[in-house]
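Visitor: I'd like to ask you about the structure that follows.
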Amino acid sequence: MLELKFVRNNPDIVGRALISRNMGTELIDSLLEYDAAWRECLIEGDDLKHKRNVVTREIAQLKKENKDAASRINEMQGINSRIKELDDKIRDYKSKINEIMLSIPNIPSETTPVGKDENDNPVVRVVGEPREFTFTPKPHWEIGESLDILDFERAAKISGQGFAVYKGMGAKLERALINFMLDVHTRQGYLEVFPPVLINEKAMTGTGQLPKFKDDMYGCTDGFYLAPTAEVPVTNLFMDEYMENLPVFLTAYTACFRREAGKHGQDTRGIIRNHQFNKVELVKFVMPETSYEELEKLTLDAEEILKLLKLPYRVVSLCTGDLGFSAAKTYDLEVWVPTQEKYREISSCSNFDNFQARRANIRYRTPEGPQFVHTLNGSGLAVGRTVVAILENYQREDGSVEIPEVLRPYMGGAEEIRKVCH
């Protein structure tokens, strides 16, 4: 969340930021209107409360002198009535202001490229060369079904479309990747945590999922939401706290839940975009002056997984029109998917400046007074999409799949996945 005072004093800066995000400036116009009315009511209310104190003393003095205080009492009643009216308006305006403030996205960093959509995202670097196949590669869902390691039919039977059952070596591959990713990241200096995935509304608001993305979330009847990403519970671990000993680096595995499956035509099959998926997350809490340096390091930490798996990928810098709601700057890691002949997102690494920390009230102490920390996070990585990349990039002509060398110790020494005849 932005600071109200900043928006009030810099409407042009905020307005330009919204325009760069393909938004209008109506939110700012409404905010300034409510803010002016709110402050006007505050001033009038303070003046009337001061006047009420004066009249109260006058009434007391008149009664003490046995004089008629009726006119002053009538005046007091009018003052009290107006104060109540103003208090109601103040609450109403404040509610409207808070609602708008929660709906205003972060201001993009000066280093975030300006653009309209993903077509304007510049490529930062390309790592590895896409494999040249001597046969026609199969899509991951065909590989998974032919090897009997992915079952979409039975998943649909119990949960509907947009789910998958991992079986045998498929389940082992998923589990191996989670453990491998966590091991790599803990060696990089991240502390592993295992948080709840049922999240309350306050925490969801703290990281920016609510109110804007409510329709994309799975809500429960008792006020909880299923975590759409481990970013939410991990960042909110320090909600309403003063943090000591910055920086703090955390990594976590969780299942994630989103309603987005089926929104993208080419992803209606397979496991690229499901309602439920696993992800390993990286989260950093840092001092403001180091946050952009830490973003570069976090991105490299996420990239390390792809390098160790020897998967070809590229890094792109998201432009203003493609930037997430809470982010000031984002790098996307995109892995090569052979059957689509293009790179697909497998991680987003973002610096949120103090946007999330202000919403979640995460601060640290300085000699000048309390300050909001800067938060960063990134996927390290989306596990299902990593399975997609392995199945497609490591497939063989005979239908088997080679297991990346770094994963073999996590899979009992197995070097390949072949269909098991029961």
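Here the Cβ of each residue, glycine as well, is placed from N, Cα and C on the backbone.
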Visitor: According to Swiss-Prot, Thr229, Ala230, Glu231, Ser379 bind L-serine; which one of Glu174, Glu281, Glu334 is listed for that same site?
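Guide: According to Swiss-Prot, the candidate sharing the L-serine site with Thr229, Ala230, Glu231, Ser379 is Glu281.
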Visitor: May I have the list of same-chain residues other than Thr229, Ala230, Glu231, Glu281, Ser379 whose Cβ is within 8 Å of the Cβ centroid of the recorded L-serine site, in sequence order?
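Guide: Other same-chain residues near the L-serine site: Val232, Val234, Ala252, Thr254, Cys256, Lys279, Val280, Leu282, Val283, Asn377, Gly378.
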Visitor: For the ATP binding site, please report the maximum Cα-Cα distance among Arg258, Arg259, Glu260, Glu345, Ile346, Ser347, Ser348 in Å.
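Guide: Farthest Cα pair among residues binding ATP: 19 Å.
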Visitor: Which secondary structure state does DSSP assign to Thr229 (L-serine binding site), in the simple three-class scheme?
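Guide: Note: Thr229 (L-serine binding site) is coil by DSSP, not helix or strand.
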Visitor: Give the three-state DSSP assignment (helix, strand or coil) for Glu281 (L-serine binding site).
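Guide: In the DSSP reduction, Glu281 (L-serine binding site) maps to strand.
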